[in-house]
Amino acid sequence: GGRTLDSWLFLFLDLCVPVGLTGTKLGCAEGGCGACTVMLSKYQPTSSPLGEWVSGPLCSLHHCAVTTVEGIGSVAGKLHPVQERMPKSHGSQCGFCTPGIVMSSMLCSGTTLHPAMAGHRGGDSKVNFGVKLVGVATVSVCKTNLSAACSSLHPADFLPLDPTQEIIFPPELMVDTLTHQHTRGVNTNTYLTPSLSVYLFHYLSVHHSLCIEMKFKNLLYPVILAPGYIPELNTIQHTDEGIVFGASCSLTLLGDVLKAAVGKLPPYQTEVFNAVLEQLRWFAGLQIRNVAAIGGNIMTASPISDLNPVFMASGCKLTLMSKGGERVVVMDEKFFPGYRKTILTPEEVLLCVLIPYTKKGQYFAAYKQSPRREDDISIVTSGMSVTFAEGSTIVKHLALSYGGMAATTVMAKNTASRLLGKQWGEELLQDACSSLAEEMTLHPSAPGGMVTYRRTLTLSLFYKFYLTVQQKLGAYIEGVRADYISATEIYHQTSPSSVQIFQAVPDGQKEEDVVGRPMMHLSALKQATGEAVYCDDIPLYENELYLCLITSTKAHATIQSIDTAEAESMPGVVTCVFAKDVPGSNMTGPIVYDETVLADVTCVGHIIGAVVADTQAHAQRAAKAVRITYQELQPVIITIQDAITHQSFFQPVRTIQRGDLDQGFTQADHILEGEMHMGGQEHFYLETNVTVAVPKGEDGEMELFVSTQSATKTQSLVAKALGVPASRVVIRVKRMGGGFGGKESRSTTLSTMVAVAAQKLKRPVRCMLDRDEDMLVTGGRHPFYGRYKVGFMKSGKVVALEVTYYSNAGNSMDLSLSIMERALFHMENSYSIATIRGRGYVCKTHLPSNTAFRGFGGPQGMLIAESWMSDVALSLGLPAEQVRRLNMYIQGERTPYSQILDHITLDRCWDQCLEISSFTQRRCHDVLCVFRDHRWTKRGLSVVPTKFGISFTAAFLNQAGALAHIYTDGSVLLTHGGTEMGQGLNTKMVSLTPRCSKIHITETSTNTVPNTSPTAASASSDLNGAAVHNACEILLHRLEPYKTKNPKGCWEDWVSTCQSYTVLFLIGWTPDLGYDFETNTGRPFNYFSYGVACSEVEIDCLTGSHKNIHTSIVIDVGNSLNPALDIGQVEGGFMQGVGLYTLEELKYSPEGYLFTRGPGMYKIPAFGDIPTDLTVSLLRDAPNDKAIFSSKAIGEPPLFLAASVFFAIKDAIIAARKESGLSGPFRLDSPATPERIRNACEDRFTKLCPPAEPGTFTPWAVVV
């Protein structure tokens, strides 16, 4: 279209801004989440299955057809069956990533695009797509077999596939040849050339590029070339030695060709092929494999490459080409001379790769260990090959290659040499392990950390290889011991199944009364079609500008100077914004004004200022050009232990105590002490923080569109910074792409910054943070450290407890005191303890301020409670479930904070959970019988209860408002104080109204319902539901006289004659709520939600990997307002808890720099982490008289039930430790990552790799 394009312009950006197709979302900008998945198709005149592509740089998509979610169906037109099935199955909540999942799942079975050309006869022509279910799970889980007592979903409930909906490939793109294409950009030139000679002789000496470096390293390349269009780099040849792949062949094509070869060739020839296929199973997602090339994988020279160890151990041959000709090199230990370097000269390109056949007597295997099994980068990866002398078990040749053990992929040459000529047996194994422990060393400060674990893995993976080869050598030597065989088994995903159980509505309930029915999320269809509008989807305003933050690179410093000269001279830059530009107060904070809008440096990522430019790219590039000089200050306090050392605490220190502790411990038969650390958690809402600020041009008025849970707090802090009354600022929230507490208070930092810039320039300003920016500046769940002393009887009854909590608050108070208070309120979880004292210290550190997160301190407090409960059971040798059941609360008992428990349903939840999970059978069969006889694979089982208090602990927040308008045509516009972030709040509010089909909710705004509480604390349905219900009752009461006068009339008749169409109803809720820490009196919670979960897991004792076999959940939600939404919240909250307790690990340097700033290093649960067998049951006949329509809150309580997975893992570790003669309590910190699991399963391999003494080195990452 004649536009000037830059090489950094990705397809996503072109779709959103110039084209206006906003259905495709950007979740991470690094190919790690799948939210931006679209279909890209390319015509192929041959039968070669090329052309399976996914989103990439726009300039590289010449002759490609692009299909976005808007192109397959719409609400106004006709839905594609996939778009219909996901909403109807209640599989979309916040909906931000739903378009990506729809696009992935639509063709996951390999659907082909049909060419549409009159008279076309190209039978061998095909256009292919490569898609897969997105590799990252959201909090929404598609529910199969959703059932009630009387109904379920059936295939007949869904639309069949309409052939007319199949996508047509554009005929004008069906060309067999590609001419030379040159795209000239502002900073770069992009070339698509069909000739390798042109590539070599004209452009090679200029440069080649990696777009990921352009995005995250701010690098610019003058020339970009697209090798995917060069035929010589895409050929495949079968030779006598093996199969030759052109360097630009995609990994998907590589897998397809190797899979076909494995099916045709003798098994002894395909050992390397099978190893490559095994690595490809876990190599990213199909979207990435469709565009990633085999040559790119090699030339990137990553030290943690999945494939390079395989290529190196198998002796792959590489053909290199330059102007001077070709040369062939073997991929050996010399190929990578240094970090990210190869032996290629600047003039050479990798032409092709020969993957060899294996020979008789040769055995080969590859292994990969990563934090998460699916779509994850390696911690340690390896390729191993052994060749035996003919007819013997004497080692003739051995090659052991490892990734993740040095700055390059390395060969264990000394070990291999040492084992030559030896018999394959126990003596060789011992020599190999001793030699590997000496050869595969790492400095304790090595990048990536996990040094002990990585060293142990080199031994563990070799041991797996040893057993695998021993098993294949069965004709020559004694086979593998029966209890060792599980170590040789290759993991295969079991088809998952799930069951959801809820109570049907009473007989006789009117059809139009949807309370208690599984009503579909109101926005679900729009989310599935990409038509749901999120904040950044709002069309650009005329004269709009874009803002990019300038953040600190130091944790504790003063700013000496800021040089913006280079930035301000860059294209498109309008201005820079700093503290001097704040017209009002520079002090901010959600409760205490202890933060600054701009300036101070008290953490890495502290917002210092911003650059405002005409486009996002220009603003981001200029922000990186700002030069800041710092004067660093001491001390730098990063960890909780640092804070304890320096006594760096926020005040006050909270304490809850009941009874005489000394007397309580005196009565105990046993006393034990312990400690535990629980890591923080990134919110990872798919929609990052975003604000659009629009000055209105008079009286200081400003309108902001914000993704926030707290419209009123955003309004007040923006007004404070602008120096205007709050009445001049309007905050509007349509919907959020997830929140989880992360947008309750921390979203205000961005909104205030954008508003200041808009006020300064008197122009609209927009900013949506990139994923790495969002993770850097916003903070997350508080890390906790707990110390405990517990006294208990021989029976397991706990009689005394002293627990001390320390939380890492970061550099400001934020909501940390309230979070610590809730942790203390949940310090006993579900257990009755006569004598107890809990004390909480809020640590002030030099990290970005941590904040609210689903559970708000409860999950931290309760996990530490379950830790000491587990220790009690272990020390007595009693089953943990027996000790837990013995100590559980019963009706009428008092909590440590003097609140009487009434209507308690813990016992019912417990008994039903044991029943539906077949707990006794699982314990006896799986754990005690079958896997007791497996040395290297163990199963664990755990059942854990929860008691979660419902209400804001700040009593004044327990109020809400609603505004209802009835229009003369009978339609109703409803507004309430809550915000929609995927939890289905608007859907529930509509269902509470008598005529829900007439109701429309458009948004939440401060000019309709003022002074609202944040949408948090799981109380929004209770609070806003009561307000909505009362508002509707008032309006119905006003209509009664008109109904009486015209009893035969209809709704429209009555409202057309009524003059009172609008009502604002504010409701104060439960006035007796409140608690006094000084006197330990009051009633902090309106009621409690109860639940119990039972989980079974299986761990690999050699690698630390685990898989979630089964989970059953029984939870009390009172009388459910909407079982579908409530079950979705249970499943989503549980899976978020699985991430918290087993996967998600924030890693900071000792200087406070966050390493985990995207999905590449920070891992949330994938679809494969959902328990293979998942059952959720809503407790029947448990009405709650303290909330709207006898319901209960559901948002936060389910999250802690994922602790059942954590303690099932611990149960499995106990069994593994027993094999090594270890018993009794041991410390297992959270999350239970593969590293922690493996290190806890102590054995002869871990003893060969002892950790370095603390204090003798500076670690790469610290536990904060």
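Yeah, the Cβs are placed from backbone N, Cα and C, and that goes for glycine too.
TrEMBL entries are annotated by machine, without manual review.
According to TrEMBL, the features are:
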BINDING   CYS28, CYS33, CYS36  [2Fe-2S] cluster 1 binding site
BINDING   PHE283, ASP306, LEU350, LYS368  FAD binding site
BINDING   GLU744, ARG822, PHE856, THR953  substrate binding site
DOMAIN    208-360  domain 'FAD-binding PCMH-type'
SIGNAL    1-24  signal peptide
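The shortest Cα-Cα distance from CYS33 ([2Fe-2S] cluster 1 binding site) to any of the binding-site residues (PHE283, ASP306, LEU350, ARG822, PHE856) is found for PHE283.
Nearest in space to THR953 (substrate binding site), taking C-alpha to C-alpha distance over the binding-site residues CYS36, PHE283, LEU350, LYS368, is CYS36. The binding-site residues shown are CYS28, CYS36, ASP306; of these, the one with its CA atom nearest the CA of GLU744 (substrate binding site) is CYS28. Checked against ARG822 (substrate binding site) by C-alpha proximity, the binding-site residues CYS36, ASP306, LYS368 yield CYS36 as the nearest.
For ASP306 (FAD binding site), the nearest of the binding-site residues by C-alpha distance turns out to be CYS28; the candidates were CYS28, CYS36, PHE856. Using Cα positions, the member of the binding-site residues CYS28, CYS36, PHE856 nearest to LYS368 (FAD binding site) is identified as CYS28.
One residue stands out among the binding-site residues ASP306, GLU744 for having the most other Cβ atoms within 10 Å of its Cβ: ASP306. Neighbour density for PHE856 (substrate binding site): within 10 A of its CB lie 27 other CB atoms from the protein chains shown. Taking CYS28, CYS36, PHE283, LEU350 as the binding-site residues under consideration, the smallest Cα distance to PHE856 (substrate binding site) is found for CYS28.
Put simply, PHE283 (FAD binding site) is 18 Å from CYS28 ([2Fe-2S] cluster 1 binding site) when counted between their Cα atoms. In this structure the alpha carbons, written CA, of LEU350 (FAD binding site) and CYS36 ([2Fe-2S] cluster 1 binding site) are 31 Å apart. Mean model confidence for the domain 'FAD-binding PCMH-type' (208-360) is a pLDDT of 90. In this view, LEU350 (FAD binding site) is surrounded by 23 other Cβ atoms within 10 Å of its Cβ, with every protein chain counted. For the FAD site listed in the record, the two most distant Cα atoms among PHE283, ASP306, LEU350, LYS368 lie 25 Å apart. When the alpha carbons of PHE283 (FAD binding site) and CYS36 ([2Fe-2S] cluster 1 binding site) are compared, the span between them is 19 angstrom. Counted within 10 Å of its Cβ, the other Cβ atoms near CYS33 ([2Fe-2S] cluster 1 binding site) come to 27, all protein chains included.
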